[in-house]
Structures are given as C-alpha cells and as structure tokens.
Amino acid sequence: MIKILRNINNNIVNRYDGLNKSYLNINFYCSTTNNSSGKIDYTKLIPENGNISKSITEKIGKNLHCKRDHPLNIIKKKIQYHFQNKLSDEEHKFQFFDSFEPKVSVKENFDELLFPVDHVGRSPNDTYYFSKDQLLRTHTSAHQSQLLREQEKAFLVTGDVYRRDTIDAVHYPVFHQMEGVKVFKDKVNLAIDGKPFDETIDYYEDNNYKQLQSVKDVEKDLKQSLESMIRSVIGQDLQVRWIDAYFPFTSPSFEMEIYFQGQWLEVLGCGVVHPSIMNNCGLSNDRAWAFGIGLERLAMILFNIPDIRLFWTEDNRFHNQFKGVDKSISTSSSSSSSSSSSSSSTLSDIDIKGVQFQQFSKYPSCFKDVSFWLEDEENFHENKFYEFVRESCGDLVERVDLVDNFTNKKLNKTSHCYRIYYRSMDRNLTNEEIDILQFNLREKLENHLSVKLR
C-alpha cells in the first residue's frame, strides 16, 4: 500500500505546506489569540438575521459522507471498520452517528467545549450564524457533551461542518469530520490515583494532573488506537509522530503527524477530554479521550484528488472512478438521533489499493484582478470578501490570492488587490463567460462591502 501511495503526485502533498491552522487542525481550533484591547463580545457582531449565504444553505443536507461509493463515504467506512473490528471490546463497543443535524446551539458548539468568550472561532468572520444563539456547527465535537450525558462510552460522529475560509484547492466552507470519543470509568482513574475533579485546578497547566497514572493510561490508549487506525487506512509501514498542542476541550492535547511523500503532515488533533467537561456531563470520576479528523484531507492524499471542489461535483467522470470500490452489502449506517446508531450493522473492510483518481479536466485557469480601497478598514475581513466571491461566482473560482496590499499615507487609506482564478472542473470557460462573471462581481462589490473600486 505504501509503495502505491509513494507514486502520488508530490503536488498534492505540497498543497498542504504552510496552510493556516483553521484547516490543518481539522476538528480542533488552535488559536488562543485575544484582542489586545480586551475581550471581544462576538455576540454583538453577529448580524440580526445571521450571515448564512444561499450557497451555504444549498449544501445543508447533502450528506456526502453517507453516499455510497463517494470517496468520503469510503474513508468513513474504512475508519469505522477499524474501530468496530479492531478497537471494540465488551466494555467499549463503538457506536456510529452519521446524521446529526448541522444546526446547533452556541452552547453546544462553543460553551460546553470551554471555548473562551473571546476565542476567534466565535467570530462571525469565521462561523456561520442563524442568530446569536444558533449556528452551523464548526466541528462534530458539538455533539460530544450530549452523547456523554446519554452514557455513550465509545462513539464516532461523522458530519458536515461549516467555516468561513479562504478560497483555494484545499479550502472549502463545507467539509466533513469524524469525532471519536472513548470513556474510561472511575475504576481506571480514581482507583489508581484517587484524584476526583477539582474546580480550583487549571487543568491546562497543572503538570501534577498530566502526570497522573490514569491520565497517562488514557493518553497511551489514545495514541495506540489512533496509530493503529491511521496505519490501517494508509499503510502499516507509516511513520507517525506526536506533537504537543492546545485545544480548549482537551488536556493534555496532541497532534498526529505522518511522514508522507518526504514531509511531515498533520492529520488529526486529539487529547484527554478536559475534566470540566466530564464533570459537567455527570462523569466527574471518569476520564475519556477524543480525536477529530477531516475526511477530505485523507481522501485527497489517498486518492490523489487535486481540488476539494471535486467532492461536490455531480460529474459522473468523477464518481464512476469510485463506483464498486465498496463491495459490501448496502445497509443503512446512519442515525438521525442519538437514540439509535449503526452498531448493529457489521461492516466489511474496503480494499482501496490502487484506487487513484484520474484527472479528466485539463482546462486551463484564467485570472482577473480586482482592486479597491478599504472604506472601513477596521471592520473589513478577508473572509467576507471570499464569501462574496463564492456567492457571486460559485465553484467556478479555483482560488483567490491577495497580490498587493499598500497604504496611501496622504489619503490615509489601504488598498487591496486580489487575483481571482477562474477554472471549471468539467468544461472550458470562455473569455466571454469569465468577463461577465468579473463584471457582475465588480458591479456588486461596493454595495456588499465597505470598499471603493479602483
């Protein structure tokens, strides 16, 4: 398997080099940056009617991870198979949840996961809000506390998640994650170190807590489980290393990196569930681990898929390449609520050896520039511009780059110049089509953002 993967075009791997953490940490936010002038109340920045655009609304309910023969479904089943057949035991039989609704509360998505009130992830520049109280989940961890309260001991949650982001071959405002959690009852920790939950302890910084035998045991089980899982998907000879990290809802926290195509790539975030979360879920004497992994990322690496937009295409030239890879008998593997799961269905492993995407689109890209002055620089955010471009031009935009940024001291104004690359995945775009798209974008730009065209 590893030998086959080594033949993958290095350009696929290089696309990930230097990407921002909002994508690399596919399930766990990393930023702890606070506004230097004090804490930001992001609820005051949320538009009264939300900030969810039509193009995002149209993606809700597509559930690509549940569509048989879709590469995301194949990756999901590969991981589920390993947890069901290799990592389940009498006490921990992993349950699968694939159909939780993406509309969740701010409490579920942020508060219960200990996100600080001024965490950048709460910003409407990063998150899609229906209102100040409800949003489109930014990670499948939004369902963690609910399932813990319902006494689920071992589970995987897969779903679509939503984040406002840049435009390029590996970023898309909708992508898919898998969250995994395993709970260890009190006999694993209290009997060992006799340390119940203590609200006075800073569990992020307290080294005595991190050195408890129960915490070390859970950490060991976490790393062993995830190493066996990733090797079952990518290859048994895979090199893996662990990097210390920070996430609001785990402590200690880690990132897994794999050595692939000559460089180390971060593939998932994980850690021991924060004791405060366990306490709030009525499990103060228990410990648990959790991880989050992005399905698109694995699929792009494994199947040599060069552009994240392809996962959303309806072109049969894409889908026919994965048809029949899953040879298992078709059974429903999704649950619409936490009261049911797919654990009763026995999964079969899927052989993905030699499955490589063959590009059918060789159409060249064409770029157009747009320059403007920022009329309200303090409230301008690049994600607002990217969102506007997506809404105006759809998936015909391959990527957008900021190519010039300067301040005119006499005018006391800042100018941005963005280069917009147009490219269809399934046909050749004419110059006339591109000119119309660019003209319409310029026509609407000043009315939608506080800018002045140059």
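The backbone N, Cα and C atoms fix where each Cβ goes, and this holds for glycine too.
Source: prediction; values computed, not measured.
Feature annotation from Swiss-Prot assigns substrate binding site to SER141, ALA142, HIS143, GLN144, ARG163, VAL170, HIS171, TYR172, GLN177, MET178, GLU179, GLU266, PHE291; the stated evidence is similarity to another entry. Among the features that Swiss-Prot reports, compositional bias 'Low complexity' is placed at 328-347. The annotation domain 'FDX-ACB' is assigned in Swiss-Prot to 361-454. Annotation comment: Swiss-Prot describes 327-347 as region 'Disordered'.
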Residue with minimal Cβ packing [other Cβ atoms within 10 Å] among the binding-site residues HIS143, ARG163, HIS171: HIS171
Residues SER141, ALA142, HIS143, GLN144, ARG163, VAL170, HIS171, TYR172, GLN177, MET178, GLU179, GLU266, PHE291 binding substrate per the record - widest CA separation, whole Å: 27
Fewest other C-beta atoms within 10 angstroms of its own C-beta: which of the binding-site residues SER141, GLN177 fits that? GLN177
Work out the three-state DSSP category of PHE291 (substrate binding site). strand
Look up ARG163 (substrate binding site) in the DSSP assignment and reduce it to helix, strand or coil. coil
